[in-house]
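For reference, TrEMBL has these:
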| type | residues | note |
| --- | --- | --- |
| COMPBIAS | 299-322 | compositional bias 'Basic and acidic residues' |
| COMPBIAS | 346-356 | compositional bias 'Basic and acidic residues' |
| COMPBIAS | 1224-1236 | compositional bias 'Low complexity' |
| COMPBIAS | 1237-1248 | compositional bias 'Polar residues' |
| DOMAIN | 45-121 | domain 'Cation-transporting P-type ATPase N-terminal' |
| REGION | 287-356 | region 'Disordered' |
| REGION | 1193-1273 | region 'Disordered' |
| TRANSMEM | 377-398 | transmembrane segment |
| TRANSMEM | 418-444 | transmembrane segment |
| TRANSMEM | 854-875 | transmembrane segment |
| TRANSMEM | 931-948 | transmembrane segment |
| TRANSMEM | 968-985 | transmembrane segment |
| TRANSMEM | 1006-1027 | transmembrane segment |
| TRANSMEM | 1039-1060 | transmembrane segment |
């Protein structure tokens, strides 16, 4: 244990001095937290007697917590570390520069520039010059030849500019993202007790010795030991991979670990390890996510292995023997620093760090960029070839010159010049600005969305939101204000329409009621005095409970006095609220030894368990089912139809004579209740919600309300919000009815049945989290409409996790939301307000439009520049636009334009159109019309200037100039006009839907204005003072005016284009579709599923290889089949001969199945979840939803844990063939052999397509080409 301290050198120095102050060291606490269950209790008993002993050693009180004095807190931080996991060091600016330099086109340019530089310093003897042909001789005087190096230097300089700009962009993006992450972390607060006061502090401030309150929905921020608990259940899947909820008690298992989720109950814990010393920290350190020394890490790993070995020894010998067998490989033990799940998670973490997030939009863009790049490559190659051929033909054939040795350098110089021209064409053709534009646009939107109360956790969510077609919203807190107040009550057989006076209620009932409210609401919930004079009292904690506490205040009673009398420790047992129980109960032990239980919960559920009710004189009378139906009609339905939530309060006495009840048998305990009262709680609709919902409906987004409330309440609120309009035939269903309608006789969910319901469903009431998940999944998987639905979901509870993850965009509530919900979400609504979702839709659509604007601009420049360079080079043997000029144009159109067009602010007009849908091409036909129209105008202008410009302006022609000729006015005018046309066209590009007024709102975007003016000024400087490096000559004012006039022409021409209706131009095609799943061949999908994300660029480049492999496979299979038929045996015989004898029948089954089931193996693969987040590895609790899918018996159940949400619909019919499990299926870690010759993975291939829960994102892909034998069959 001695070298166990991983706190780095810094802390070990300090440790020696401080050991005396606290009764235990960092090492002791760390080794304590490694233990679980009984071992831990024994260890605490041996070392500290009990938990109180541990508290004393840590100088803290289990009831009042730490004193909270700054000195004490600092000391604890020094000794035991801070609750921070140091982040990985960000890439330095130099690293980013180095990455930017890896760009292929830039490398080619650099090489060309260096060669050009070298050659320009070579001076051939002058005398021979005349023999080297027409092109070589000419006007060149001494000063000119000395300026030869300028071109090379200028190219290098412009490369440096491009690299710096790219690196700076990456750097600022990284910085923004880190800022965002740290903001998310700062927002995370946790409740601790300090100096007897319950306060909320940022997670990073928690220190060892703090007493923290844990409750349902928390993500534990540090390790600790339980001091007191009520019905506490923890989901430890993020650490252990076991998805069962672990029950924690002081007697059996008091160890709470960081990174785990509280799924039920509440309690207090003593913090014993924070930051890098907590369990999460240790794993993060092993993953190398935090910065630290290598040796330290190695030492750590070995340690951990030792510990694991020791622990495994104790646990069981069977595992040990298997381990020994493995250890003989030597490597096997080395490879397991964490247990297998953690190792898997480690792999996943690594892959997700290397792969940046790619969204649908980025996918479409990458694909488009690759296609354009290919075209550019072809063009530039042709340009070079033509130039070289023309030169050679002209010099050696027409002029009939011999190749003279002295002339070689001159010829080489020509070839280098041609090569540079070719490269420049390529540079202009490759739109490297595309990815930049997306990044800028998304980063800008995310930053601005913060102001609109949207905290975006995953960049791509922002753009997905623009395509949303459906929003499934919670009611409480999102549509309503989440400020609950009791407004009606039914007490002592009387229905009060407003809160009754305390005098009107029998005192015995009143006392019982107030006691029940005080103890049966979580002690973390309280009503605080208002912040401002005359304001409303502040509600802290669960809002429904706040309304009850407020009710007790309205009855002029003080609940706090009762709580002081009965502190939380004295409660005998608590059944906390969860989505299954739909009620909460607290048991008190009375002075005479009897027990009294108070319950509160949804009225229709609790009333079914009541058999008595209190009457006006305080007696109880029998409450029959008939009375209950009566009460539902006369009390509950009228309350619900006014939009009130109804809550029933009841109690039950357990007399001494019956002895101690069996507390674990909940059904018995929670029956035979006596009804105290029913209250109606109002939660007013947020004033801005009806308007927001109208906007959504206008924008083609359907809003559905999914709530746990009573159907009448839900219907009333939905009508107030405008989700239900009077006279519409829409469905409002309860969860039970919904389930009855979507399940067949066997109880399985059928997609066809969901399809009949969801288009009309507007309100789903009394729904469980499972129903919410089923609905979201049903809408997403539905094929009723031609466009796939894009669904956004809001959620705040832990139980909403699965639905939030399943949805295309999950919104979590920033105020009311639990940590689990926030972790599963993509965007956090910091004000819990529905109208913020509408803002997110606006921003999402804006991102899409910004990219389209940029594309429209960029492609026009690309087309024109490439064609000009190409034809100019072919006709005049020299590109009219020089390399340096091209690079400047490239800088304008890539970097500056992406900045200018990607930062357009959104307008309300974006909400007036329907969503685009996922498959909408980036370049619509209208945009294509604009691009081609502007292209034609610019080409005509440029070519007119090029071939007739010298007559028009009365200047010397710049065509056919010799090698080092000085720059000409003619070509300067061409260059200047070209740039000015781009500038004016940039204004045209602001509108992409064919609007007439391109100036609308132009001054709202300062960035745009400043960039356009800035570019103009720089252009002026380049032309007037650029001289030789830019191949420019200063122009007169007349020439400038002409250039500007021609440039301005593109604005006028834009108006002409927009007058032509797009519908007339049938020949226009759209471009820039994303790669659809269907287009990807199966084998490839299989390999891609490894990478979590379809990389479009790679796909384009790999398609060739794959087709080649596939061809080979087909031929191979055909040969086998032919030979099989020739030899007279059956088709299966041939296959059987190929397979090894050990698994003949399994192979047959696979072949037969392949024929029998037309369903492809890959059907179940869904949208790739490539979402990396700081907590990614820790905090995706394995949500269990048992009833959402029938469990089809698989070959071996080790692979398919019951994680329906991740399994999706991948259980294809072939999985159901019962075959004996083959040897390989025992350990899921064994690699599947892809070759059909050792064919013991008969049904494995389909089995492995089921992810083993959210952890194993990687599916095993039979990668070998032979694998397609099965697929092609």
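Cβ atoms here come from the backbone N, Cα and C positions, even for glycine.
As the structure is a computational prediction, the values presented were derived from the model and not from experiment.
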Review point. Between 377-398, 854-875, 931-948, 968-985, 1006-1027, who has the most Cβ pairs under 8 Å to the transmembrane segment (1039-1060)?
Key: 968-985
Review point. For the transmembrane segment (931-948), which partner among 377-398, 418-444, 854-875, 968-985, 1006-1027 gives the most CB pairs under 8 Å?
Key: 854-875
Revision key, fill the gap. DSSP composition of the domain 'Cation-transporting P-type ATPase N-terminal' (45-121), residue counts helix/strand/coil, works out to 48 helix, 3 strand, 26 coil
Practice item. Grab the pLDDT values for the domain 'Cation-transporting P-type ATPase N-terminal' (45-121) and give me their mean, rounded. Key: 82
Practice item. State the non-local partners of the transmembrane segment (377-398) in its own chain: residues 6+ outside its ends, Cβ under 8 Å from one of its Cβ atoms. Key: 133-135, 411, 414-415, 418-419, 421-423, 425-426, 429, 866, 869-870, 873-874, 877, 879
